[in-house]
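Quick notes on the structure that follows.
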Amino acid sequence: MAFQTLTLSGFINEVRDSSQGPYPRKFCFVLGAGASKTSGIKTGEELVEIWEQELAVRNPKAHEKWKKRLGITEKNRGNFYSNYYQRRFEKDDGKRFRDGYNYLEQMMNKAHLSAGYVFLSLIMARTENRVVITTNFDHLVEDALVLYGHKMPKVIGHETLAPYAMGAITHPTVVKIHRDLLLSPINKPDELDKLHDEWVDVLNNLFTQYHPVFIGYAGNDNSVMDFLCDNVDKFNSKEWAFPYWLIYGDQEPEGKVAQFLNKTEGYLICHRGFDQVMVLLSHALGQRLPSENEYIQKTQEQYKALMDSVSRLLEEQLPDGPNLLPQTGDSLDTADIKVADEGAMYSQYLTLYTNGEYTKALEYICQLVKQYPENHRYHYNLGVTLHVMKRYEEALKEKQKAVEQEPNSAQYHNSLGVTLHAMGRYEEALVEKQRAVDLEPEDALYRHNLGVTLHTMNRYEETLRHKRKAVELEPDDASYHDSLSITLHAVGSYEEALMEAQKAVELEDSDARYHDSLSVTLYAMCRYKEALKEAKKAVWLEPNHAQYHMNLGMILHAMKQYEEALREKRMAIELEPNKALYHDSLGTTLHEMKRYGDALEETKKAVLLEPDNARYYDSLGITLHEMKRYEAALIEKRKAVSLEPDNARYKYQLGVTLHAMKRYEEARVEKYGAVELEPDNARYHHSLAVTLHSMGRYEEAVKERRKAVSLEPDNAQYRDSLSTTLHEMKQYEEAAEETRKAIGLDPENPDYYDSLAITLRAMGQEDEAEEMEKKAEKLRAAQPNT
């Protein structure tokens, strides 16, 4: 079986004819770098030539040695794009990987839409052929669809979004199997070696519905070509629609492309450029650009609609919320107009405020307040503007004046409460927000804002009442569901918190904070895989948000994926270097990786940033303890306890170090203090028992061990420890019973068999003791690294 050849005209006619009638066929376009060449983006081969010269200049001998090792020659080096990329930008253990992204982004920022992309957008927007699959990172398809196709495309720019490309495709869709430019695009050889499983499902879905038309794609990465070659049977059996491969000029297919085409019933078409193909294909399908007059008229209508919208906005009341409209760059052209009329001046203020130009807006509203000091609306607006600029003391004075002049305005009381809350004056904020609710009890915003302050004051029962009311009043507001979820999470009602968080995401799937909140609750429920998915979505939506990277790192840490956790936590610190909590969290991961020196360095940074935070001294002490620097650990742990004397965990940790130093009586006092503070914590009872056992106080030790077992009856370690103390007390029968229970809970642990053997031998049961020892020996032999 071999491929057939078609002329370009034959291909165009076939697509045109097969797209008509009662049983039309559908086509999708698989684009490679060659499609973007006329848009000003260099092909992989062209980039290789540039990097070849740069690398040769940097270190000629090392470069030649590297090429020789990989078998790179002048003729074949175009096939080694990913190797060149990695060597040019990701040497030195990845320290320059951002340079690669920066290089590509600068190049693609200079790109322009060629005719091919414009006409492709018309095909995607107006016909059933609405899918592009591409290995390119650029945004040319999306830009063309918005500007010329007048459609908002669905962009699947990362494998985590792959589920959104499954099933029937109802919107123009761009699938970027090497990721989007802004989502850590893949370039390295190991990344391009195998297709992500998520993409396998997507391509299976698409090739079932669409004939793939390959154009501008040279097939130089294994991920796609191996997938195609491994699935030729699906093309040949008609399970997948057969392919069309367009190749530039008079070239012949080579390598895996030739292998793929020779095994399928696809077609090979020679052409003279992506632009030519798309223009001809678009015209054959009856899709043409509007005339110049039609295009100008459409633009004028859009501009008029925009101006009408702005006019309506300026007539409306200023809402009490910062950043109503994000700053978009240049201000409206009214910024320097001199106005004297009160209405015009107020309109000018509104324009500047909504455009995010708060400093200029402040000049106008200050002038209005000066000219009209009895106008409560102007005092209120001045207060809102000052609040947005974080000038809270001044904002407070203006809002208080507004309330004095208009004491029955719920809006003013609520806004005054918002500023008091931002200043940390929660009791006063509570009074003002409660007054707003009293005046307008059916306003969801006021209920919610009151709940926010109550939550901050740890008055959760009242918080829940008001936040639930806000949700009841406005059930389609995602922010209220999210806020309710946060309070439910705080009181440990995780199942209900999960439902509210999921509702927020359902209502506004494109808001990163809702995905982050959902991930936090899933994390607390130990549903790490689901949490990971949501955390990744949050980071994808807002890649420059430090907290989202940190939360993702914590989930990865919990999953023991420490290298990835390290990367995310370092990204958080890069974005917010002065956040002590982030340094401490990074230290925790480094500690788990046994990189104690690095962990100490990060935790010390946390201490420097927040010298009164007990948590960081405790972290320092834990790492120093692992390094067996007990005296130093003791100093740090004592600091933690002195800062928070009622914190059970810090007392427990202090006791652990004192025990290691054989200062048992002091250890007992600290551990007992932890148990008193948290009497239902099995770990603390067990640890206290360890110290009591070492002191020979077996009766007390047994009491504590029994308490630990009663709190966690399925903990094998606690039962074995209880057995150890019972053995010392010569209560062999019960000791053996507890060890057998430990074995039942953890039958693969050889230590428990040894423990049972010791007790059995003390009971004179030599045969069974030997049997237990043999089982222990067999288990150890089966374990790695033993």
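Even glycines carry a Cβ here, placed using N, Cα and C.
Please treat TrEMBL annotations as automatic predictions, because they have not gone through curation.
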From 74-96, 764-786, the residue range that TrEMBL assigns the feature region 'Disordered': 764-786
Spatial neighbours of the region 'Disordered' (764-786) far in sequence, C-beta under 8 Å, 6+ residues away: 748-751, 753-754, 756-758
Distant-in-sequence neighbours of the repeat 'TPR' (580-613), which means Cβ under 8 A and at least six residues beyond its ends: 546, 550, 553-554, 557, 562, 565-566, 569-570, 572-573, 619-620, 622-624, 626-627, 643
For the repeat 'TPR' (546-579), sequence-distant contacts whose Cβ falls under 8 Å of one of its Cβ atoms, 6 or more beyond its ends: 512, 516, 519-520, 523, 526, 528-529, 531-532, 535-536, 538-539, 585-586, 588-590, 592-593, 609
Same-chain residues near the repeat 'TPR' (716-749), Cβ under 8 Å, at least 6 residues beyond its ends: 682, 686, 689-690, 693, 698-699, 701-702, 705-706, 708-709, 755-756, 758-760, 762-763, 779
